[in-house]
Amino acid sequence: MGRADPEEGHLPAPVKPPDGGWGWIVLFGCFVITGFSYAFPKAVSVYFKELMKDFHVGYSDTAWISSIMLAMLYGTGPVCSIMVNQFGCRPVMLIGGLLASSGMILASFTTNIIELYLTAGVLTGLGMALNFQPSLIMLGTYFDKRRPLANGLAAAGSPVFLSSLSPLGQVLLEKFGWRGGFLIMGGLLLNCCTCGAVMRPLDMGMKRKMEKAQDKYEAKEMLPIGGKSEEGISTADGTKKAKKAKKKPKKGKKLLDFSIFSNRGFIIYTISKFILVLGLFVPPILLVNYAKDTGVPDTEAAFLLSIIGFIDIFARPACGMVAGLKWVRPHVAYLFSFAMLFNGLTDICSARASNYTGLVIFCVFFGISYGMVGALQFEVLMAIVGSQKFSSAIGLVLLIEAFAVLIGPPSAGRLVDALKNYEVIFYLAGSEVVLSALFLAMATYCCLNRGKKKEPPPEKNLSAGGGSDTEEAESDVQEAEEHSSDNHQLAHSTDNTVVAASEEANHVSEEQSGEGGGCPEGDGEVLARDSCNADQMVERDSF
């Protein structure tokens, strides 16, 4: 798999996504990768108490393991984009799977907390980052019409794996201890390599079949010429060599395409996503402690997160199906804004929940809104920038989100310590999410839709979710077919010109021999020169 090649999962010439077939296998791989990437940092927290006893450290010290994993997942976005653009999706995912697995295996042999930071935190986090981003890129290349549904199904991997990895980690801890649990978890992460192996490039065999069919067609068209067949074939070979020579000087693909910052839709999305992340993760992080402070028993308080996860499993695919409807998809950006508004209002309205029933109702509505946001966030980004620039766009977006992740939850924790009041935190987090929703909706309407109406040439507004990579692919295929047909017509016209010239020369020579030979004088001098030149040209061609 060479650099900047179609075999890399990165399509220089867009190919029409199949919206099925092998794409369902790719979707399953993306489902598994998403589950590991988002659920694994949270599932590791099961081992924290044992780590605190063995290494004689506090809870905040062990919590840094999950924080480093998430920081690597978000902060290494541009590095992942550069590697995908350079080497392709499949090799990057295979390397990522090996790194993630080796990190947990090495962590089982560590002797202090710093070594855990470097192995389970940095190495495993980097490995999961190298799997997460390419899997989303491949999902976007295999699906277009069904892409909202595919994104929703893939995003459902996060709550499914969270609800399964946490109990599994508890069982492993009881039977094998934290070292044995880390070792087995490292073996489970090798499944990321399997998921990377199924990410087959979309146009690997398609391009070869088209080239073979074109070569056969050209050969069939040139054979009936007779004596000129060898000359026609050699001419075709020369034309192919000339095309290859022209293709060689082409510049390689950019490792990180910063031109997406000229896209107003991308700028609007990035700003709104930064504001969103500041408050989105705060309520689930503080929910258990908030419930305990209100007098809810520990087991029932922990069950609140299970409610959110269970609702989230069904909310993401359902939202993906709704976003894929014909009358909804052109306005998917507004649906994303509604999901964020729903989530923010849920936080604000539930800030004064003082009993367990109110907290359960909050978890139900929060699970629905949180699932909607998770299902739509990458679909909106794909619609804005397209599949060709998605690898660079997601890397830059994740990097910007990393700063918001490092600012939002820690700041909320400090406010809780200072104010001793969770109600203010829920109001603040909900207000941030509502602000991001209003900004995205208003900026999309004012800056993009109105600007589109003023422009004379009508173009589809990708930022509103109306863009389709299928139409781009179809236009490129149509251009390729027209280009090949033009080449065939040029070959036919060249052969016809040679044949017509030879017939005309023969006809002129017959007339001249009938009139006594030689070239006529006077008014026919120009005609004579042309006919003589034609005779000489035919003689040279025959020679």
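Just so you know, glycine gets a Cβ as well, placed from its N, Cα and C.
What you see is a predicted model, and the numbers here were worked out from it, not measured in a lab.
Per TrEMBL, the features are as follows:
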- 469-479: compositional bias 'Acidic residues' (COMPBIAS)
- 487-499: compositional bias 'Polar residues' (COMPBIAS)
- 23-448: domain 'Major facilitator superfamily (MFS) profile' (DOMAIN)
- 452-543: region 'Disordered' (REGION)
- 21-40: transmembrane segment (TRANSMEM)
- 63-84: transmembrane segment (TRANSMEM)
- 91-110: transmembrane segment (TRANSMEM)
- 116-137: transmembrane segment (TRANSMEM)
- 181-202: transmembrane segment (TRANSMEM)
- 266-291: transmembrane segment (TRANSMEM)
- 303-325: transmembrane segment (TRANSMEM)
- 332-353: transmembrane segment (TRANSMEM)
- 359-378: transmembrane segment (TRANSMEM)
- 390-412: transmembrane segment (TRANSMEM)
- 424-448: transmembrane segment (TRANSMEM)
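When Cβ-Cβ distances below 8 Å are used as the criterion, the transmembrane segment (91-110) is approached by residues 1, 33, 36, 80, 83-84, 116, 119-120, 122-131, 134-135, 179-180, 182-183, 185-187, 189-197, 199 of the same chain, each at least six residues removed from its ends. Only sequence-distant pairs (6 or more apart) were considered; of these, at least three Cβ pairs between the transmembrane segment (303-325) and the transmembrane segment (359-378) are under 8 A, so the stretches are in contact. Model confidence over the domain 'Major facilitator superfamily (MFS) profile' (23-448) stands at 84, taken as the mean pLDDT rounded to a whole number.
With a cut-off of 8 Å on Cβ pairs spaced 6 or more residues apart, the transmembrane segment (116-137) and the transmembrane segment (21-40) reach 3 or more such pairs and are scored as touching.
Most Cβ pairs under 8 Å to the transmembrane segment (266-291), among the stretches 63-84, 181-202, 359-378, 390-412, belong to 390-412. Same-chain residues lying 6+ beyond the ends of the transmembrane segment (63-84) with a Cβ under 8 Å from its Cβ atoms: 8-10, 37, 40-42, 44-45, 48, 92, 116-117, 120-122, 124-126, 128-130, 132-134, 137, 255-256, 391-392, 394-399, 401-402, 405-406.
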